[in-house]
Amino acid sequence: MGIVAIASTDLAMAQFLASLVSMTSSYNPNTYVIFAIYVCILLLHGVVNSMTVRLNGLFNNVSVWWHVFGTATIVIVVLAMTPHRQSAEFVFTTWVNNTGWSSSFYVFMLGLLQSQYTLSGYDSAAHMAEETQNASTGGPMGIIMAIVTASCVGWVFLVGMTFSISNFEKQIVEPAVGVALSQIFLDSCGLGVAIFLILIILGAQFFCGSALTLASSRMVYAFARDGALPMSKRLHKLNKEKSPVAAVWFNIAFCFILGLPYIWSETAYSAIVSVNTIASSISYLIPILCRIILARETFEPGPFNLGRFSTLVGVVSSGWIIVTSALFLCPTEFPVTATNMNYALVPFLVVIGLCVVYFGIWGRHWFKPGGGVGAAAVAEAKAAGKLDAEGDLESSGDTDEDETRDEKSYGLEHVYSHTPPLTSELGSGSASGSESGDEVGFPEGEEKHFRELSYLRH
């Protein structure tokens, strides 16, 4: 579902660009133009994520500071230049219900969905764990820091922009330039400053879309490595820079297809995008429930864990996910018509149905958990006593050439010796893929490289 997140982020950026065009000229981009902008953004993200892992890391570091300082700049400038700011009473107590529903409780619950939208994407740290040092602690800390940072920065931004609303109807309900935030910038700061602030937003959106593409490509690569996708043999290949370029462009192509319904119906596209939050939330729910119900006594925690609070946190998290996922399937406007109906359930059932059918017809005959690329090599190395206590290959006298090569390209190589769990019972990747006609094994030309490297750096 990371692919859907990329599509929604990049389309939002295209719409922001369209609002900038409307603001600076008499031309109002139509749906076809917005879609063309969307495709250009997708292609740029594909190019950026085809670079080396190290350059992507630098790109993401710039992204962090861009978001923090960009948000601070926007809040300070807009608050300082807004001629008539709202009162604290308006910001924190005013209730506006334009949904048509009479139940205040139901409307309040629908409002919670805005916060649920932000509770996604932080799992990118898990998808990138195979390319990080000290992933067992670094990955969880990355998730926590993402949540803390986003909560603080997002809260400041939302409060600041709410104070800057001068005309609720004209800026929020029916913005002339198409995007509420762009209208606030224009009314508060004037054209020149508004353009500058929108460019900051566009940069943040581009960085966000790029990070989502990076994480989603690694997720596709991981599934393909285990033979869990059609065309797995092609999707788990790495280029000479040790980057899963095939998986990157698979994401871009899929995003193009997902965006096509936007040309004919924004309602259909919105339903597809809504599936992203529902499906990602449920993907979090499944392991949490397995942990607190099936493995409460047998689960072995890793270096980073919540200790005695883990069950309590799991219960609260499960309750939140179940409630918000149900709300995402509910209609948001009344009276409910064919135009405003929430169709999110339809694409959700289609996706789940396709997955079940694919596994029922083909996957169950050949797929084994832990039986993907590198599993056979790990089992062989373990049987030969070549794994150290941490599951790494023991050093046996690297040459200078090996060390240099390892230093330059430690990216995805170490996944070949870290396909968990590290046990001799792991299935053979090639055997598990034989019946599907989609052989699962080392990417072309990489098996020899794996044999040569006797120490794989984290």
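Keep in mind that glycine also has a Cβ here, set from the backbone N, Cα and C atoms.
Note: TrEMBL annotation is automatic and uncurated.
If you look at the transmembrane segment (30-52), the same-chain residues 6 or more away from its ends with a CB under 8 A from one of its CBs are 6, 10-11, 13-15, 17-18, 59, 206, 209-210, 213-214, 217, 239, 241-243, 245, 248-249, 251-252, 255-256, 259, 262-263, 411. According to TrEMBL, the transmembrane segment annotation covers 30-52 (among others).
The transmembrane segment feature in TrEMBL is assigned to 64-83 (among others).
What TrEMBL lists as transmembrane segment is 103-122 (among others).
The feature transmembrane segment is assigned by TrEMBL to 143-165 (among others).
Away from its own ends, the transmembrane segment (191-224) comes close to residues 2-3, 5-6, 9-10, 12-13, 16-17, 19-20, 23-24, 41, 44-46, 48-49, 56, 59-60, 62-63, 66-67, 70-71, 73-74, 77-78, 81, 121, 123-124, 127-128, 130-131, 181-182, 185, 231-232, 234-236, 244, 247-248, 250-252, 412, 415 of its chain (Cβ-Cβ under 8 Å, at least six residues beyond either end). The annotation transmembrane segment is assigned in TrEMBL to 191-224 (among others).
Here TrEMBL flags 245-264 (among others) as transmembrane segment.
Within the chain, the transmembrane segment (270-294) has long-range Cβ neighbours (under 8 A, six or more residues past its boundaries) at 1-2, 4-5, 7-8, 113, 116-117, 119-120, 123, 258, 261, 310-311, 314-315, 317-318, 321-322, 324-325, 328-329, 342-344, 346-348, 351. Residues or ranges marked as transmembrane segment in TrEMBL: 270-294 (among others).
As annotated by TrEMBL, transmembrane segment applies to 306-329 (among others).
Residues or ranges marked as transmembrane segment by TrEMBL: 341-361 (among others). Within the chain, the transmembrane segment (341-361) has long-range Cβ neighbours (under 8 A, six or more residues past its boundaries) at 230, 267-268, 271-272, 274-275, 278-279, 328-332, 367.
The annotation region 'Disordered' is assigned in TrEMBL to 388-458.
Per TrEMBL, compositional bias 'Acidic residues' is recorded for 390-404.
The compositional bias 'Low complexity' feature in TrEMBL is assigned to 424-435.
Annotation source TrEMBL lists compositional bias 'Basic and acidic residues' at 445-458.
Counting only same-chain residues 6+ beyond the ends of the transmembrane segment (103-122), those with a CB under 8 A from a CB of the stretch are 5, 95, 97, 143, 146-147, 150-151, 154, 208, 211-212, 215, 276-277, 280-281, 323-324, 327-328, 330, 332.
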